[in-house]
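Down below is the structure, laid out as structure tokens.
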Amino acid sequence: MDAVLEADTRAVIGEGPLWDEENGRLYWVDILGSELHIFDPEEKINRSIKFKSFVTALAKYSKDELIMTMKDGFYLYHLRDDSLEKIKQPKDMHESLRFNDAKCDPYGRLWAGTTSMEGEQKQASLYRLNLDGSLVKIKDQVSTSNGLDWDRERNLMYYIDTPTQEIVRYSYDPQSGDVSNPEPVYRFDQSDGLPDGMTIDQNGMLWVALFGGSRVVHIDPFQKKEINSISVPAKYVTCCAFGGRDLKTLYITTATEQMTEKERYEQPHAGGLFSAQLETGGYQPVPFAGDV
């Protein structure tokens, strides 16, 4: 299966696609470009909003408000009047770190992890912003906190710390939000590229973007094997998320950051937003359900 181009944006690091059912559009970000993108699939129009700091991931809060992780913390963005409010910053947030991927769990808690901007290993963390506004560190000694998602039927959480080359499965308590019993369920070969963003479909199967691998791979975490893949005409595939009216469109983001001049010539649409139509759909993204 091949992905098709939706928006030719040449993002530095496209990331964080988030489907907004209420407004019928897709939000996504360019981390190093410090931009929020808004894509209208009906009109095939993509517009962007520039910020003064990195924008790394998104969660819906209300019809006209988003929770955004930016370089140093959590922010509330008002789409209607283009205003930004800081909500929370980890006490141990060092200036050499930045936030990376984030997503709300089935109960509306927002999980977000960090990464070192200097390539240091095991300096980052995974946090959870609770419904009461408290911020809890879930895991330290992380290198590049990346893809995460939840199996709603089986009360499981899947998580990727990119340099480990692994997808790790946890038991997940939906009432408390706590996770336990980590178990690696799939390991990528170095030749596959680096596992980056991830989403789950309604069968409990995983879709993982491979940075440097030009693919999104379909993984069965129970049989611990690759089922299928989507070819993307861009080397650095960063993230994927379900959207569209039937939630069967997989939106895929890509990057240009590490590309050579030769690669840029051969992959002119790298950094763009792509999509693939799938038979099995995903879940509606859960908005942040806490108070800000």
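Cβ coordinates come from backbone N, Cα and C, glycine included.
Values in this document were obtained by computation on a predicted structure and should not be read as measured data.
In Swiss-Prot, the divalent metal cation site is described by GLU15, ASN146, and among ASP64, ASP192, ASP196 the residue recorded at this site is ASP196.
Neighbours of the divalent metal cation site: apart from GLU15, ASN146, ASP196, residues of the same chain with C-beta atoms within 8 angstroms of the site's C-beta centroid are ASN100, ASP101, GLY147, ILE160, THR162, GLY197, ALA209, PHE211, THR238, CYS239.
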